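Record features, source TrEMBL:
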- B:20-40: transmembrane segment (TRANSMEM)
- B:46-66: transmembrane segment (TRANSMEM)
- B:93-112: transmembrane segment (TRANSMEM)
- B:141-348: domain 'NADH:quinone oxidoreductase/Mrp antiporter transmembrane' (DOMAIN)
- B:178-201: transmembrane segment (TRANSMEM)
- B:231-254: transmembrane segment (TRANSMEM)
- B:266-291: transmembrane segment (TRANSMEM)
- B:297-320: transmembrane segment (TRANSMEM)
- B:332-355: transmembrane segment (TRANSMEM)
- B:382-475: domain 'NADH:quinone oxidoreductase/Mrp antiporter transmembrane' (DOMAIN)
- B:392-413: transmembrane segment (TRANSMEM)
- B:434-453: transmembrane segment (TRANSMEM)
- B:473-494: transmembrane segment (TRANSMEM)
- B:514-536: transmembrane segment (TRANSMEM)
- B:555-595: region 'Disordered' (REGION)
- B:562-572: compositional bias 'Polar residues' (COMPBIAS)
Amino acid sequence: MSLGAYLAVSAVLFASGLTCMMTKRHALGVLMGVELILNSACLNLIAFARYTSLGIDGQVFALFVIVIAAAEAAVALAIALNYYNNFLTVDVDRGDELKR
Amino acid sequence: MKLDDLFADFLANGTGRALVLLAPELLLCATIIATLLWRLLNLDRYVPVAAIATLGVVVSLGWAGWQLQASIFQLQPAEILFTGMIRLDRFALFLRVYLLLFLVLQIVLTTLGGIPDQEDSPDFYTMLCGAVVGLLLMTSAHHLLLVFLALEMSSVPGYVLAGFLKGRRQSSEAALKFVIFGSASAGLLLFGVTLICGLAGTGDLSLVGSRLEAVISIDGATLANPALRTLLLALVMIFAGMAFKLSLVPFHFWCPDVFHGAAAEVGAFLSIASKGATLALLVRLVLGMVAGGELEAFWNLLAQGLGIIAAITITFGNLAAFGQTNIKRLMAYSTIAHAGYLLIPIAVLAIPALAGVDQIASTVTVAPSTSDVLQTQGVVASSVAVRAVESMLYYIVVTLFMNLGVFSCLILVRNQTLGESIDDFRGLASQTPVLAVAMSLSLASLIGLPPTGGFVAKLMLFSSLYDAGAKLPLFYAVLIVGVVNILLSLLVYLKLFRAMFFDQPVEGAPPVRIAPFSMATMFVVTVSIPVLSLGIDVSGLSRLSRDAAVSLWDQTQDESGKTSSQVSQLNETPVAGESMQGNSVSGGLNNGDHQ
């Protein structure tokens, strides 16, 4: 396995995450897309840690990214829940009170 | 490297001393814990949580201020702490004082405005202090890991703050938009950062630039080179993430909605502290990654791109602000316009010839903490970069006072009239002259009219821009756009002046009555005085910010040998295929052999 194979997988992950983010109208769907992007970055880091002089820095970086992603997901879900309490939906397009 | 070695290395690096140097951040963390425990132990019935938060932050501010003055008077060199994660120089110390000063004023403002009530205030101050810890780390980040970590540390509490008014539909909508766009842009930024890490084979910002140059110059800096394409992609992604935080034009759409939906207090945080620290981080990133040699033309192009984005952002912000009737929305567009102005110094720094990349290699010695940065070669060149950073620091300090002035007036008026539109300000001059005068002073500074700090800040910015135009003529065009926009912004804020001084109050509207010697009046006056004094006495803050700017180019204590030798080595071997890092990195990238 070469570095290119890992990067290809991560690029596919990234592209699907980006597509998911762009097309989904459901707030949780968008957040799933974000998770995919963060994980593709993690994969990148691990691959670079193995194949370039990045070394252990990359693995430590990946660990931090996992923690941050968890924290961000927790906050995002709480906000989505609060949005549901106010709007009775989690459709992003339905929030249009601020557009004038 | 084995784990044992790593641990021993960590301890040998003087972790204890590093912790003392990082005391302001740690004190903020202690404040967070104290505010949370305070309610748990039911002590908030006797002493309000705001008092505890203020106490903690004031102690932290005092410590930071003492560190800054010690650093200036004893000419302490820049230090690298925590195995290369943090660079503590006067630039970081200066911004630390700035951010903590903002935090103190902000906490006082929230007690006057009453947005977090007794029940919610621990949560509010926890989030606020937590976000500021992230911002403090942003200003001293020296490693790409910390860049991402600190950005997220400051963003995530920001999302919560935007949605703090839980029952309000507008607030929850603002928070949802903020969190979705924010996490998406953070994801993009992270992906770009990982690509840079992989290309350079390191995350250390003092090495990234020269390593990138070494990797790219193997196959030449043309678009046929896959490494250069990767670099371009990574830089665009990183810029997207930073532009979101700064609300620059293609990524600004969240800003008006979030400012409108969230409480005005949160708007003040986003438009002052968050912007200032993001700019500081951008300065560090650009200085870390900019490289001369083969990449010089590439970076010149990027610098021009940044200049164009700045011009577009300024114009868009002012044009869009024109039709707004809600003051929070108006301030959002004003923030966008000012973010455009503040991007200009970053664009100047991205010019390799000005950022001192080649000069450091040729002269090696950068005289620390004197006004003449480089004695021998390129005196004019590098002092432009220093002046750009200096003007940026001056600008954000002025922004602190003028934006806080507007937001505090807005909050006080809101609490009386329950509205936040321009109509609520009609006839303010006849009801409470103090507020009207303070507000108009801040507005004059936002426009950039002469006796205020905003004028001086813009003047300094334009003068460094003019000098940069000698290198890249496109910057003259940016300069013209910037000057024309002062006229545009005059038209924007004229409406508010007219409403306050010439219009009669709306019939049946509750009058704005604020006692002349109350805390609220004193706060507004305290915030307004610097807006004026910074426009009259320039030398004090200007010297301070120049000192801070110069320290960005200081060689560090323990890594000076490494850094300078690295750059000079690359300079001697322009092909760089022979240099060691070039080989190992490119070998890793192309052949995939394990190091």
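Cβ atoms here come from the backbone N, Cα and C positions, even for glycine.
From a predicted model like this one, the values you see are computed outputs, not experimental measurements.
Two recorded stretches are said to be in contact when at least 3 C-beta pairs lie under 8 angstroms, sequence spacing 6 or more; the transmembrane segment (B:297-320) and the transmembrane segment (B:231-254) meet this definition.
Remark: the transmembrane segment (B:266-291) makes no contact with the transmembrane segment (B:20-40), by the rule of 3 or more CB pairs under 8 A. Ranked by Cβ pairs under 8 Å to the transmembrane segment (B:514-536), the stretches B:20-40, B:93-112, B:178-201, B:231-254, B:332-355 are led by B:93-112.
Below 8 angstroms of C-beta separation, residues 47, 49, 52-53, 55-57, 59-61, 63-64, 67, 79, 81, 86, 88, 96, 100, 122, 125-126, 129-130, 132-133, 136-137 of the same chain, each at least six residues beyond the ends of the transmembrane segment (B:20-40), sit close to that stretch. Within the chain, the transmembrane segment (B:93-112) has long-range Cβ neighbours (under 8 A, six or more residues past its boundaries) at 24, 48, 50, 53-54, 57-58, 60-61, 64-65, 67-68, 71, 121, 124-125, 128-129, 132, 135-136, 139-140, 265, 268-269, 272-273, 276-277, 280, 393, 396-397, 400, 404, 407-408, 411-412, 519-520, 523, 527, 544-545, 547-548. Here the domain 'NADH:quinone oxidoreductase/Mrp antiporter transmembrane' (B:382-475) is broken down by DSSP into helix, strand and coil counts: 78 helix, 1 strand, 15 coil.
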